[in-house]
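*Asks:* Reproduced below are the annotations present in TrEMBL:
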- 20-43: transmembrane segment (TRANSMEM)
- 141-161: transmembrane segment (TRANSMEM)
- 181-198: transmembrane segment (TRANSMEM)
- 199-252: domain 'HAMP' (DOMAIN)
- 237-267: coiled coil (COILED)
- 267-487: domain 'Histidine kinase' (DOMAIN)
């Protein structure tokens, strides 16, 4: 069974083309009818006016002849009017025929239409209308008019003239044919224009559909060309691309987070496995009395304690990291002098550096502005970065600390630079990621949890600052961070 036509199953381009075509054809059809009727009305009216003017002229002409004949219709005027094809019949005041012609066809002089029209004219009225004329080739309508003839206000007769309507019909038919041809040409042009217009309108939609299908299949890099015209379709294409950028970025971020989660779990499992394995081995050795020497037993117990402390530090770092990233950590923000804080922090770590043969330089300017920060958290950041630099700087190396106003004028920049082994350029963008192992020499033998730089980034980010690193392998590393300045707070020396 053949399914009925369903407009909802037709494509948008076809719908638009059909809509434009139907509207245009309807408009052309209505306009053609209106123009044709207007032309017909104008031509009929002009023909009628022209025939009436002739009737008045001929009536005056025969009134004058009547006067010249001594106010009588004594002579027939056939010879006088035979050259005037419009004249068909003239009657005197009593209704008797004076002249009766059949110029266009066979119309009886006793035709009721002629009689009625002339009767009205003999009563002083004009009459007009259409007369059916028969010829050897067929019949046609002829427009007629009947007028009275008067002398000194007295009716002396009536004049009936007609003009064949066939000529006007032929002209009107030619005009209608021209209108139809014009309408056909215009309709064809509109069809072509509609196809081009709908193609240009639906092409961006087709691109959008194909791109959406590609994105549905997981190809999030798909984009669509943006039309040059800044119309709704151009805005839609631009918005789609922006949406695709956001989706691709979000998907990539989700994938990165999923990968980071897997790596985090793997790293946690790995970092937990090492101390747990050591604790298990040492504990079994003690439990089985495999170690008899009291000093060795004491050393084994201490190793177990160190591994437990390592596990506790790792768990504490994970808890702090989670708290910072979730925003649950409350910062005790207050105006803070970095000049004083850096000096106090260096006093804590300098003894260890001197013992390791490392020289520490403080290049913090005295007039460095106050920052709005949590003193304890910033101290933790400094200690973390300084300890990291100490552990990876060889004997005879240097560690330099400094602080100065940032280029934006809204923050203070702090940096810690060492002359250690440096970080490879491929690893540098990832050093602030959790458990990222840039270099075994920097992480494997240090006993750290692998979360130190991640905690640094989380603390600085929570303050509204930024942290970044620059390193040259074999020459050293410089890690910098920024903190927002305290508003309208001056150092004591500036008051």
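Note that Cβ sites are derived from N, Cα and C of the backbone, with glycine treated the same way.
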*Asks:* Should anything in the same chain at least six residues away from the transmembrane segment (181-198) have a Cβ under 8 Å from its Cβ atoms, list it; otherwise answer none.
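*Replies:* Long-range Cβ neighbours of the transmembrane segment (181-198): 12-13, 16-17, 20-21, 24-25, 28-29, 32.
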*Asks:* Taking residues 6+ outside the transmembrane segment (141-161), which of them lie with a CB under 8 Å of any CB in it?
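*Replies:* Beyond its ends, the transmembrane segment (141-161) has Cβ neighbours at 44, 47-48, 51-52, 54-56, 58-59, 62-63, 66-67, 71, 73, 86-93, 98, 104, 113-114, 117-118, 120-133, 168.
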*Asks:* By DSSP assignment, list the helix, strand and coil residue numbers for the domain 'HAMP' (199-252), in that order.
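*Replies:* Its residues divide into 39 helix, 0 strand, 15 coil.
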